[in-house]
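Per TrEMBL, the features are as follows:
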REGION    63-102  region 'Disordered'
COMPBIAS  63-74  compositional bias 'Polar residues'
TRANSMEM  112-132  transmembrane segment
TRANSMEM  197-215  transmembrane segment
TRANSMEM  227-245  transmembrane segment
TRANSMEM  265-289  transmembrane segment
TRANSMEM  320-346  transmembrane segment
TRANSMEM  391-410  transmembrane segment
TRANSMEM  431-450  transmembrane segment
TRANSMEM  456-473  transmembrane segment
Amino acid sequence: MAFFQLGLRRAAIQLSRPSIFCARAAALNVSYAQQHFVTPAASSSSSILKLVNQARLTQSRRNYATQKTVQESPLSKLATDIAKPVSSSSSSDQSDKSEKKSSFPEISSKSVAYWLLASAASVFGIVIFGGLTRLTESGLSITEWRPVTGSLWPGSPEEWQSEYDKYRASPEFKMLNSSMTLDEFKQIYFMEWAHRLWGRFIGMSFVLPTIYFIARRRVTPRMAGTLVGISALIGFQGFIGWWMVKSGLKDDLFAPGSHPRVSQYRLAAHLSTAFVCYSWMLLAGLSILRTHKAIKFPEQAIKNFTALQSPALRVLRGSVAALTVLIFTTVLSGAFVAGLDAGLIYNEFPMMGNGLAPPKSELLDKFYSRHEDGSDLVWRNMLENPSLVQLDHRILAISTFTAVCALVAYSRSGKVKAVLPPAAKKGITGLLHLVSLQVALGISTLIYMVPIPLAAAHQAGALALLTGVLVAGQRLRVPKATLAMVNRRLAQLAKTQAPK
């Protein structure tokens with residue numbers, strides 16, 4: 001009997017394999033068994049049925065509890081709930097980190113701004129030194145363009161003799177400096193060599209940091225494009241420099257009556273490219289510093305931007321832009337004056353001979369026309385006739401001075417004065433000082449027949465005046481990107497200061 005009970009118990013356990021068995025159903029089975037199977041005929045097996053039912057009930061409860069524990073365990077439920085947010089947040093963190101590693105910053109580093117301003121100062125210096133090289137007639141002393149080996153200073157008497165022989169074969173030596181000795185040649189050679197070496201230094205000191213700043217993501221995408229553009233412009237400037245020098249080494253300059261010198265067109269291109277490069281560096285550096293200052297002091301920045309958006313400043317802003325074009329045009333006309341040595345005639349002011357202007361026959365001389373019908377008479381005289389070139393420069397200079405005076409007067413009148421920020425007001429006032437100094441230097445250079453110190457100072461004054469109008473224009477402009485960052489900064493400050 002005991003053996004029979006043990007076999008039934010094992011069979012009951014094998015039959016009760018369902019994963020979920022309701023306890024209530026098991027209880028019904030027990031009651032059903034008691035009502036139908038507990039009879040006088042089966043009283044001997046009642047104990048067996050009880051064992052079977054108890055085994056089923058125990059196994060079903062055990063399976064149900066196990067399934068419920070697996071499905072509804074607090075730890076498992078918590079782990080399930082936390083797993084998805086954690087995985088999503090970790091993946092987002094990883095994507096953010098990868099973005100930070102591969103993306104550019106929102107604001108360029110201050111170190112980039114200081115480097116740009118230092119580069120602009122170096123370009124300012126080389127422009128002045130280039131003027132000295134031209135004034136000392138040293139620009140044609142090196143007759144070859146060797147970008148790499150040309151940076152080496154001649155170290156032996158044989159090398160010096162080789163350079164001297166090359167110069168002796170040039171038109172400038174044959175026509176103007178046939179009595180120049182080797183020692184005198186070394187002096188003008190040094191000027192041109194130093195000018196070219198300085199240009200190479202500017203190129204290397206700009207291109208290499210540009211690669212570094214972009215690779216290390218220290219600049220915004222827009223600033224990265226600006227740095228690449230300036231680097232390309234520096235390389236193009238070196239090519240224009242040699243293209244200009246080459247114009248003074250042509251064989252047709254050996255003709256009797258010719259004056260060996262570089263083309264005034266190429267000189268103007270070389271000078272204007274240097275001015276553009278300087279302006280680009282200056283504005284890029286100042287824009288970064290302005291953005292950092294606006295983010296640091298957002299309340300003051302938003303006040304200035306709000307004032308600059310006033311309709312009363314629209315005319316003033318357009319006038320400053322037009323004045324910038326006028327100053328740059330005056331600088332170009334000065335390059336033509338220098339290229340043609342037009343400052344060595346009519347060394348008086350405001351008169352030019354017997355009147356305010358030379359005779360019409362002199363200003364529109366048919367000698368400069370190359371077409372029989374005279375279709376190029378006007379523009380060739382404007383760009384090749386020293387008398388008309390000087391007159392044009394005088395007119396442009398006086399126009400610039402008058403325009404600056406009018407601009408300053410307008411900025412101090414009516415509604416403009418009420419809304420003009422102090423920084424912009426100082427910038428416009430500084431223009432009046434710079435243009436007055438530049439006019440004084442120009443008149444002095446003309447009257448004293450272009451002495452080297454005054455001529456170099458006059459060229460520096462032109463670049464300083466251009467700097468002043470660029471700074472004034474930037475202070476009147478509202479950069480949209482900076483304005484958006486300032487608004488976001490103010491929103492962040494408002495959230496942090498809001499009561500909880």
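If you go along the chain as it appears here, the first residue is 1 and each next one adds 1.
Just so it is clear, glycine is given a Cβ too, placed from its N, Cα and C backbone atoms.
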**Any contact, the transmembrane segment (112-132) to the transmembrane segment (391-410), with at least 3 Cβ pairs under 8 A** = no
Spatial neighbours of the transmembrane segment (197-215) not adjacent in sequence (6+ beyond its ends, CB under 8 Å) are 109, 112, 115, 119, 122-123, 125-126, 129, 147, 151, 224, 227-228, 230-231, 234-235, 237-238, 241
Long-range CB partners for the transmembrane segment (431-450) (under 8 A, at least six residues beyond its ends), listed in sequence order, are 135, 323, 343-344, 346-349, 397, 400-401, 404-405, 407-408, 457-458, 461-462, 464-465, 468-469, 472
